[in-house]
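Some notes on the structure that comes next.
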Amino acid sequence: MEVRGGASVQVTYGKGPSERQEQSMTSHHRTGPDALAEEAARRLVRLHSDAVTDAERRDTEAWLAARPENRKAFDSLRAVWSALDLLPGSGAAAAAVPLPGHRFPGRRLSGRLAPPALLAAGLALAALFGPATLDRLRSDHSTVAGERRTVTLADGSQVQLNTDSAIAVDFSGRNRRVTLRRGEAFFTVTPDRSRPFEVVAMGAVTRVVGTRFAVRRMDEVTRVAVEEGTVEVRCPAGIATPEDGLRLTAGEAARYRSDACPTREAGVNVARATAWRDGRVVFDDRSLREVVDELNRYRPGPILLLAPDLAQRRVTGVFDIGDPDRALSAIEQVLPVRVRRVAGYLAIVTGRDG
């Protein structure tokens, strides 16, 4: 069961906002409804940040007063995010731009929608305004589901971002620090003994001088896998002293939670775990549940596995991450499952009799 396809396009980017000395809330030079929504979202997140300044509050107040469309986009977005409980805390900044008392002026979803289509619409809305969007807005470089990207940092180090990933970069002063806010990244670090390179994920710091390694942030666990060189994975802040942690060499891996120090992870094949860099994902005797969870990372619309009696069926294969639907079709040929696609977005996996 092997599916292969074309390679994705990689784009090299320069400096991000946090690599510069100052960050302004001035509007980007893009136009159209998507650009307006993005600008409104950027300002909304910044206003709810603890680091927001008085100048930024005044700038946003002026932006809101400049055009009715600006106010409408901002108010609508905040109403949706508040309803979904997605805003990152109330904060004093929120009071700077009061939310009108009227209801969100959106259209109701038609009651004639079939349940799967209604579910697809709800999932699409949650994805559009959910945590992934917030993480991307708080980052310097990011990817959406199904996208990969290579970023070149100011020191020449390279970061390969996997699907649905986001990083913030801090190269101020003697810092070489990257925060992995979500997803997965592979780092090829330019050596500089005077400025160690640090990757922060889920409160813990991975520290290196020059090496090649991957960091993957999952729901509750973060994994660090080393391809070349040596890395130090330190305990999350507040768990132990800063010096506590693990030293990993080539071929080794560790995992940790936000409330626990890292532990070595046996049996990790680093080349297989990072095969996504070549556009592939490799499964060796993995459960259908695990396979669906992994494919979900690469598909813009979610995959729902509604066959609990089949969730532990085993799958072995190599799939093209650029075409997760083709992977689902291949699985459909060898396991007693059926895949239904709804509204070109949602994929539902059931038993053939389901």
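Glycine is treated like the rest: Cβ placed from N, Cα and C.
Automatic prediction, not curation, is the source of TrEMBL annotations.
As given in TrEMBL:
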REGION    1-35  region 'Disordered'
DOMAIN    38-79  domain 'FecR N-terminal'
DOMAIN    140-232  domain 'FecR protein'
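Counted with DSSP, the domain 'FecR protein' (140-232) comes out as 0 helix, 53 strand, 40 coil.
Per-residue pLDDT, averaged across the domain 'FecR N-terminal' (38-79), gives 80.
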